[in-house]
Amino acid sequence: MSEKYIVTWDMLQIHARKLASRLMPSEQWKGIIAVSRGGLVPGALLARELGIRHVDTVCISSYDHDNQRELKVLKCAEGDGEGFIVIDDLVDTGGTAVAIREMYPKAHFVTIFAKPAGRPLVDDYVVDIPQDTWIEQPWDMGVVFVPPISGR
């Protein structure tokens, strides 16, 4: 990945609220299935904005910090996804998205961010990201002091 896209907590909340507004009315949904781990925080934000209390997870491992590797399903929610929103932070190459589509063919699959290769696999997303860009999510970063360039 040649570029980095830094996401702040404020940006994430703004994007999640925009996505939530597109998912109204909230009564049409039985619940939310958050893809662990990237979809956990966006899932909580959607649950809050939509007033949804039924939140489950599907646990799929495909990244080891910044290296993509083989998919491994650790836990899945019951059913075919009918009436559920499945949320992840990002659709990248589409590997996880294909697995999600197979597991929950009737779910409404959404992400906050989408790269070109995975975009056709989601029902909705908020932000376009170039394929060669790495996203730094706020839960993966800490706030640190940065000294002035002048050194004074």
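If you go along the chain as it appears here, the first residue is 1 and each next one adds 1.
A Cβ is built for glycine as well, from the same backbone N, Cα and C atoms used for every other residue.
Swiss-Prot lists Arg37, Gly38, Arg69, Asp88, Asp89, Leu90, Val91, Asp92, Thr93, Gly94, Gly95, Thr96 with the feature 5-phospho-alpha-D-ribose 1-diphosphate binding site, giving sequence analysis as the kind of evidence.
Residues or ranges marked as GMP binding site by Swiss-Prot: Arg69, Asp92, Thr93, Gly94, Gly95, Thr96, Trp134, Ile135. Note on Asp92 (GMP binding site): other Cβ atoms within 10 Å of its Cβ, all shown chains, come to 25.
The annotation Mg(2+) binding site is assigned in Swiss-Prot to Asp89 on the grounds of sequence analysis. Taking all protein chains in view, 24 other C-beta atoms sit within 10 angstroms of the C-beta of Asp89 (5-phospho-alpha-D-ribose 1-diphosphate binding site).
The annotation guanine binding site is assigned in Swiss-Prot to Asp92, Ile135 on the grounds of sequence analysis. Secondary structure at Asp92 (GMP binding site), as computed by DSSP, is coil.
The Cβ of Ile135 (GMP binding site) has 20 neighbouring Cβ atoms from other residues within 10 Å, across all protein chains displayed. The annotation xanthine binding site is assigned in Swiss-Prot to Asp92, Ile135 on the grounds of sequence analysis.
With Arg37 (5-phospho-alpha-D-ribose 1-diphosphate binding site) as the anchor, the candidate binding-site residues are Asp92, Thr96, Ile135, and the one with the nearest CA is Thr96. Compared over the binding-site residues Val91, Gly95, the count of CB atoms lying within 10 A of a residue's CB peaks at Val91.
Annotation: Thr96 carries the greatest number of neighbouring Cβ atoms among the binding-site residues Thr93, Thr96 [cut-off 10 Å, Cβ to Cβ].
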